């Protein structure tokens with residue numbers, strides 16, 4: 001069984017944050033703390049190999065953890081951040097969480113690790129109703145597939161998952177875990193829920 005200490009983790013903070021008015025989402029405050037700090041708190045209780053993928057504010061993010069940008073230009077989405085994480089991290093298994101989901105559970109790493117089988121390429125969180133495509137654990141052997149996928153202009157993570165041996169980790173006991181804060185309205189709306 002894959003152990004959490006055999007994995008490394010990347011917080012995805014490389015987006016353009018258009019719905020947040022272009023403000024770097026990782027530094028948006030939620031409950032008096034930057035979203036990047038919520039993400040770090042989630043992971044530091046579970047693992048010690050943590051990095052950040054960002055395409056701006058790299059110096060600021062570097063104060064929190066090792067930070068690296070996408071290797072593909074023009075913001076091709078979270079898949080580019082995943083590619084960069086797989087290339088830059090040392091472990092065979094690399095996990096990813098978004099910077100804008102401050103309610104992820106403290107056992108996220110072990111739940112994803114427990115779903116890994118011998119031939120698994122990717123584990124994706126599933127909340128009982130929906131797949132959560134950017135809360136995932138990937139094996140480095142898929143780097144060539146992601147590279148080819150992005151090079152040909154594909155961006156939809158779900159299509160990549162169909163090309164790989166993808167399994168799901170059950171997070172149905174955590175119905176509010178995957179709330180995403182993409183806009184000022186969502187920050188306000190979910191501030192009392194979490």
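Using the three backbone atoms N, Cα and C, a Cβ is placed for every residue, glycine included.
Per Swiss-Prot, GTP binding site is recorded for 12, 13, 14, 25, 53, 70, 100, and the stated evidence type is sequence analysis. Sequence annotations record features per position, and here Swiss-Prot assigns Mg(2+) binding site to 100 based on sequence analysis.
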**Item:** Cβ packing number for residue 12 (GTP binding site), 10 Å threshold
**Value:** 28
**Message:** With DSSP assignments reduced to helix, strand and coil, which class does residue 100 (GTP binding site) get?
**Reply:** coil
**Request:** Specify the secondary structure state of residue 70 (GTP binding site) as given by DSSP, simplified to three classes.
**Result:** coil
**Request:** May I ask you to report the DSSP-based helix, strand or coil state of residue 53 (GTP binding site)?
**Result:** strand
**Asked** Going by DSSP, is residue 25 (GTP binding site) part of a helix, a strand, or coil?
**Response** helix
